[in-house]
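Per TrEMBL, the features are:
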BINDING   165, 166, 167, 231  NADP(+) binding site
DOMAIN    6-120  domain 'Tetrahydrofolate dehydrogenase/cyclohydrolase catalytic'
DOMAIN    139-281  domain 'Tetrahydrofolate dehydrogenase/cyclohydrolase NAD(P)-binding'
Ligand SMILES: Nc1nc2c(c(=O)[nH]1)N[C@@H](CN(C=O)c1ccc(C(=O)N[C@@H](CCC(=O)O)C(=O)O)cc1)CN2
């Protein structure tokens, strides 16, 4: 068997083309979606992701403001900056790139973002709404993963989904979204005993552990759908996922590559959330 490769970059391009058309139409109605991206510090990967977000905004026609600040900023200054964007009517989405420098509390920063502008879907209000299945901004990577599985044509309902990883950004929310799609969900993590015996039960395996090529064919059931969320450098300096691509592709039925798999969907779902936020703000203004 050789798995079908789910090229997230191609799916992302399709969604971005549709968003571009939608934004053109919104602008004709006087709605101009706007996103503020705040990047603190000098982490090279974060700088590259933020550049990707800026470029995607430009391509789709979303107005963007990108604030790059060195790590000398205080938490209070950052919170003030967020509050200004909360009040700014030209900005519909606010994103603070993670991780933050150690002296700044991630929790305090996320809590400061108005839930209506939380296009990352990280605030407690949006997380709570996601949990109970209310309309809300879904976190971008988990939402992108669900979209990739759905567009591959593979059913989620009734399947056993195993998620490896329990981060707030990926593991926990993707487990919740799979549950909402009626999968039976198991969450495994660094303290899980006999990981392979659990992952081998998975019809859908989502891997978000942050360890280069840790999951190999021994961990995967024949015919499973395998989604690789990792972005790592291997010993040779090559960009690889958490999944050993060459061995797993011989066992899985569907597999996402790294790069060009889940990653491009993260930025694309952010664009979608920003457009949705602008539409919601326009509706609210009209109702007043
Ligand atoms: N505020 C947020 N911070 C972070 C998030 C997030 O969703 N919101 N997610 C990640 C980083 N991230 C987006 O911010 C992100 C990660 C990976 C990619 C991507 O396109 N990866 C490429 C490879 C990139 C490379 O060459 O290094 C791929 O997989 O093809 C985009 C965005 C943490 N922080």
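Placement of Cβ uses the backbone N, Cα and C atoms for every residue, glycine included.
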Distance in Å spanning the most remote Cα pair of 165, 166, 167, 231, given for NADP(+): 16
Distance-selected binding-site residues near ligand 1 (C-beta under 6 Å), from 165, 166, 167, 231: 231
Long-range Cβ environment of residue 165 (NADP(+) binding site), under 8 Å and at least 6 residues apart: 171, 189, 206, 207, 208, 209, 210, 229
Other CB atoms, at most 10 A from the CB of residue 231 (NADP(+) binding site): 19
Assigned element (helix, strand, coil) containing residue 166 (NADP(+) binding site), judged by DSSP: coil
Cβ packing number for residue 167 (NADP(+) binding site), 10 Å threshold: 15
For residue 166 (NADP(+) binding site), nearby residues of its own chain (Cβ under 8 Å, 6 or more apart in sequence): 172, 175, 187, 189
Helix, strand and coil counts within the domain 'Tetrahydrofolate dehydrogenase/cyclohydrolase NAD(P)-binding' (139-281) (DSSP): 53 helix, 26 strand, 64 coil
Helix, strand and coil residues within the domain 'Tetrahydrofolate dehydrogenase/cyclohydrolase catalytic' (6-120) as assigned by DSSP: 61 helix, 18 strand, 36 coil
Overall pLDDT for the domain 'Tetrahydrofolate dehydrogenase/cyclohydrolase catalytic' (6-120), taken as the rounded mean: 98
